[in-house]
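A short write-up of the structure that comes next.
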Amino acid sequence: MKTLLLTLVVVTIVCLDLGDSLICYQAYNTPQTCAPGENLCYTKTWCDYWCHVKGKRIDLGCAATCPTAKPGEDVTCCSRDKCNPHPLQRPR
């Protein structure tokens, strides 16, 4: 009986996802827990028509794979909690 119980406990532990979910910034100073399978944080920046007035557009979030940069975009990815802060949050 003890062997059966021990086996059930081991199977339960192996089947459960005991790892922590990744936390990424989704907007300025707004961290959010990523969905299962999304193991990367990304920062995407690009210029639009108003870039000369407002600066670059910034998109932050979680991803399963690093987004591919289109022409004119810069994309960076990382895999630690809160590793993609908004550029205005970064220490100077």
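For all residues, glycine too, the Cβ spot is worked out from N, Cα and C.
Note that the coordinates shown come from a computational prediction; the quantities given were computed from them, not determined experimentally.
The disulfide bond annotation in Swiss-Prot covers Cys24-Cys41, Cys34-Cys62, Cys47-Cys51, Cys66-Cys77, Cys78-Cys83. Sequence annotations record features per position, and here Swiss-Prot assigns signal peptide to 1-21 based on similarity to another entry.
Positions of the features from Swiss-Prot, shown on the structure.
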residue : record         : contacts (Cβ under 8 Å, 6+ apart)
Cys24   : disulfide bond : Pro31, Gln32, Cys34, Cys41, Tyr42, Leu60, Gly61, Cys62, Asp81, Lys82, Cys83, Asn84
Cys47   : disulfide bond : Lys56, Arg57, Gly72
Cys51   : disulfide bond : Arg57
Cys66   : disulfide bond : Leu40, Tyr42, Val75, Cys77
Cys78   : disulfide bond : Leu40, Cys41, Tyr42, Asn84
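DSSP classifies Cys83 (disulfide bond) as coil under the three-state reduction. A 10 Å cutoff on Cβ-Cβ distances gives Cys41 (disulfide bond) a total of 27 other Cβ atoms nearby, all chains included. Annotation note: Cys34 (disulfide bond) sits in a coil segment as assigned by DSSP.
Ranking the disulfide-bonded residues Cys62, Cys83 by how many other Cβ atoms lie within 10 angstroms of each Cβ puts Cys83 at the bottom. DSSP assigns Cys51 (disulfide bond) to a helix.
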